[in-house]
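Taken from TrEMBL as is:
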{"type": "DOMAIN", "residues": "A:12-251", "note": "domain 'Threonine/serine exporter-like N-terminal'"}
{"type": "TRANSMEM", "residues": "A:120-138", "note": "transmembrane segment"}
{"type": "TRANSMEM", "residues": "A:144-161", "note": "transmembrane segment"}
{"type": "TRANSMEM", "residues": "A:168-191", "note": "transmembrane segment"}
{"type": "TRANSMEM", "residues": "A:197-216", "note": "transmembrane segment"}
{"type": "TRANSMEM", "residues": "A:228-252", "note": "transmembrane segment"}
Amino acid sequence: MKTENRLESIADLLLEIASILMVSGANTNRVDVNIDRFASVLNCESYSLISQKTMILTVIDNETNENYTKVKNLPAHKIDFTIISAISKVSWNALDEDWSLSRISQEIETIKKQKRYPRLVVLLAVSFAGAGFCKIFGGDYLNLALAFISTFFGLFILQAAHKRKFNTYVSVFLASLTASLLASLGVYFNFGAQPEATLATSILFLVPGVALINSFTDLIDKNVLNGVVRFTNGIMTVLAIALGLFVAMLIFQLK
Amino acid sequence: MTTTILELFEVSAWAGIAAVGFGILFNIPRKAILTVFLLGFGAGFIKFVLLHYNINIVLASLIAASFVGILSLPLAHGIHQPPVVFSIPAVIPMIPGYYAYEMVLSIMSFTFLEKDDSKRLVFMEAIFSNGFTMLFILISLTIGVSLPLLLLRKHTAKRVDLR
């Protein structure tokens with residue numbers, strides 16, 4: 001009975017770690033490797049089925065051969081590389097110093113409580129990224145300024161929609177519409193040297209880069225299902241972006 | 001010549017800024033910000049120099065992404081972070097958003113706007129050339145970033161012996 005309780009809490013911990021990693025934007029292989037590492041610290045073996053919304057995990061005690069299986073649903077995805085980095089570090093420390101179960105879960109709790117960058121910092125940084133994209137596609141500094149403003153308000157709308165728990169694709173559509181409406185003003189009034197560059201780059205902050213890159217790394221690692229799911233999610237997001245852009249161009253009668 | 005080089009540096013610096021912007025959106029650790037900027041700058045510089053010499057954009061992206069992938073190994077040891085933390089933000093500025101944009105616009109025009117058959121053929125060509133360029137750039141970015149770990153057949157940067 002006692003080992004079963006221990007195994008249950010191990011399964012809970014491993015599922016918790018796997019779900020945090022998955023939600024933070026780790027690829028499937030990284031989740032697998034981290035889970036195996038933690039399991040070996042706790043003197044167990046673990047086998048898992050990882051998908052985008054649900055995980056199934058079995059832990060087997062190396063000594064008694066008892067096993068325990070559990071299923072967990074994942075929360076909404078929110079990319080966070082600090083968490084990925086921190087969990088990777090904890091896993092190595094745990095392996096080197098042979099941590100106990102309670103020590104590991106304590107560390108995971110502190111990782112979960114870590115703060116993100118303040119909202120304004122994120123807004124400004126991403127707007128600078130939008131301006132950078134505009135520069136890469138040959139805009140001048142007037143175009144850059146408009147790309148900055150469009151990205152700023154687009155991301156603002158995206159965050160507001162996320163907070164109100166809108167459907168992801170609806171939020172992306174609204175953000176894309178906002179950003180491209182603002183950028184279309186530049187094309188309409190022929191603002192700067194290359195107003196089209198502003199229009200094309202004002203929506204690039206929405207492009208699901210992590211999903212697309214992870215989808216291909218998953219496919220290379222033969223995690224085909226997860227790879228295809230990520231790719232499909234990415235394409236859906238791209239379609240939502242395109243729809244927003246298309247509506248804005250219809251409103252301004254641009255071709 | 002000097003103006004070209006200066007322009008290259010300016011554009012590459014903006015590529016670095018874009019990388020950091022996305023890094024902050026993805027909540028990278030503070031310690032990684034400078035690394036992400038330098039990697040984004042370097043990758044952008046390599047890509048724009050290659051493009052300047054009329055190298056195909058897919059090959060240029062592959063080489064620039066491999067630069068990021070190969071450097072991210074020793075850097076992962078140096079600042080004690082897993083390589084993804086700075087390799088993904090650094091290649092984000094090279095994501096072929098412009099080709100995706102052109103492709104989608106061509107699809108929209110092809111389906112909804114244009115009735116003239118000869119003009120629709122032009123859109124057809126644009127859909128295919130932009131779409132496949134986008135796909136191949138995406139694949140080359142992924143391969144470039146994960147190439148070193150794939151070649152060394154290791155799942156983790158920590159156990160790779162650099163000596």
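In case you wondered, yes, glycine gets a Cβ from its N, Cα and C as well.
Automatic, uncurated: that is what TrEMBL annotation is.
Annotation: stretch A:168-191 has the most Cβ pairs under 8 Å to the transmembrane segment (A:144-161), among A:120-138, A:168-191, A:197-216, A:228-252. Listed stretches A:168-191, A:197-216, A:228-252 were compared with the transmembrane segment (A:120-138); the greatest number of C-beta pairs under 8 angstroms is found for A:197-216.
Model confidence over the domain 'Threonine/serine exporter-like N-terminal' (A:12-251) stands at 90, taken as the mean pLDDT rounded to a whole number.
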